[in-house]
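Peer 1: Mind looking over this structure? Questions follow.
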Amino acid sequence: MIESDRIITASPFSSQEEVIERALRPVQLDDYVGQEKIREQLKIFIEAARLRQEALDHVLLFGPPGLGKTTLAHIIAREMGVNLRQTSGPVLERAGDLAALLTNLETNDVLFIDEIHRLSPVVEEILYPAMEDYQLDIMIGEGAAARSVKIDLPSFTLVGATTRAGMLTNPLRDRFGIVSRLEFYTADELGKIVTRSAGLLNVDVTADGAREIACRSRGTPRIANRLLRRVRDFAEVRANGRIDRPVADAALQMLDVDATGLDVLDRKLLLAVLEKFGGGPVGVDNLAAAINEERDTIEEVLEPYLIQQGFLQRTPRGRMATTMAYQHFDIIPSHQTTVPSLFDPD
C-alpha cells in the first residue's frame, strides 16, 4: 500500500482536498480546539507583541503531520494583523529564492516555512542573520571580485513547521524564541472538531456519531475531517443522510478503519513484528523490508501513533510489540517471548 493512498494518512491527498481543509480551518485562536497550553501561550505572546508594536518572536512548531501547524501559522498572522507568506523547505533550493521572499516582506509580516528541516545548508546560512539581526547578507560577484553586501530587512516573524525536529541544526533551532510541540488530540477534542466541521459542511451528525469518527481518527484533526467526508458519502447513499453511531461504524468498517483507528498498513506492520519476528526486537530496516515500505514511512507515519497508543515500543535493540498488540490480534505470546508493557523502560 502506498502511504498517500491511505484514508487515514495525515498528508493531504490533492489540491482539491487542501481547498476543503482551508475552508474548515479556524481563523482565530478562540475557535481553535485542542493544544490548550500552546493556544494560551500564543494569546499572551501575540498580545504582548501587538502592545509593543513589535514582530512576534520566531516560532517553531513541531509534531506529527495533520495536527494544525499550518493552521496555527495562519492564525498567528491573522491575530497579529499582518500578511502571511508561505513556502516550504524543499522549494527554497537557492539562496536567491529565500532572499526574494525576505526582501518582499512588510513590517512584522509572518514568513511560514513548512518542512523547515529540509532547508539546504546554503539557504539556512542566509536565514541566520535574517532571523537574528533582520539583515540579508549576500555575496555579489565571483572569485577575487566577490564582495559581501548587507541589506536591511523589515522586522518579521519566521514560523517554521516540522515533523522532524531532531533534524534541525542547533544554530537554527536556537534562533526560535517560541518552540511548541503539538500533541495528538483527545477523542473529546476531535469530537468537537468533527461537530464544528459537520456544521460548516451542512452535515447532520449526532454526538455519538461524531464521537465514533473521533475515536478512529488517530488523534489527528486532518484525518477526522477526511473520515467525516467519507462517512457523509456513506450516509447519503446507504442511510438517510444522518450520521449516528451505527452509520459511522458501518462506514468506517467499510473503509477498513478499526475501532482503534488502525488500518491495513498498521495491522500489517504489527503482524509482521508479532508473527515474522516473534514480537521483536526487530530493526526498522528489516521491518521495512518485511512489509515492503520505506523506512521514513515507518518512522514518520506509522510509528508515532502506534507508540503513542501503546501497540509498539522503540528500544535500543529495535521495535517490540507490547502486550496490547498481542491482545488486539488475540495472539498468545510464545513462552520464549518477553512481552514489554507500555511502561517498561527502553
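Here the Cβ of each residue, glycine as well, is placed from N, Cα and C on the backbone.
Pulled these from Swiss-Prot:
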type: BINDING; residues: LEU24, ARG25, GLY66, LYS69, THR70, THR71, GLU132, ASP133, TYR134, ARG175, TYR185, ARG222; note: ATP binding site
type: BINDING; residues: THR70; note: Mg(2+) binding site
type: BINDING; residues: ARG295, ARG314, ARG319; note: DNA binding site
type: REGION; residues: 4-185; note: region 'Large ATPase domain (RuvB-L)'
type: REGION; residues: 186-256; note: region 'Small ATPAse domain (RuvB-S)'
type: REGION; residues: 259-346; note: region 'Head domain (RuvB-H)'
Peer 1: Need the DSSP three-state call for GLU132 (ATP binding site) to compare against my parser.
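Peer 2: Note: GLU132 (ATP binding site) is helical by DSSP.
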Peer 1: When the region 'Small ATPAse domain (RuvB-S)' (186-256) is classified with DSSP, how many of its residues are helical, how many are strand and how many are coil?
Peer 2: 51 helix, 4 strand, 16 coil
Peer 1: Measuring Cα to Cα, tell me the gap between ARG314 (DNA binding site) and GLY66 (ATP binding site) in whole angstrom.
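Peer 2: ARG314 (DNA binding site) to GLY66 (ATP binding site), Cα-Cα distance: 22 Å.
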Peer 1: Which one of these binding-site residues has the most other Cβ atoms within 10 Å of its own Cβ: ARG295, ARG314, ARG319?
Peer 2: ARG319
Peer 1: If you measure every Cα to Cα pair among ARG295, ARG314, ARG319, the residues listed for DNA, what is the largest value in Å?
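Peer 2: Farthest Cα pair among residues binding DNA: 14 Å.
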Peer 1: THR70 (ATP binding site) has how many other Cβ neighbours within 10 Å of its own Cβ?
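Peer 2: Around the Cβ of THR70 (ATP binding site), 22 other Cβ atoms lie within 10 Å.
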Peer 1: Quick one: which residues besides ARG295, ARG314, ARG319 have a Cβ within 8 Å of the DNA site's Cβ centroid, in sequence order?
Peer 2: GLY283, VAL284, LEU287, ILE298, GLU299, GLU303, GLY318
Peer 1: Can you give me the Cα-Cα distance between ARG295 (DNA binding site) and LEU24 (ATP binding site) in Å, rounded to a whole number?
Peer 2: 32
Peer 1: Out of TYR134, TYR185, which has the highest number of nearby Cβ atoms, where nearby means within 10 Å of its Cβ, if these are the binding-site residues?
Peer 2: TYR185
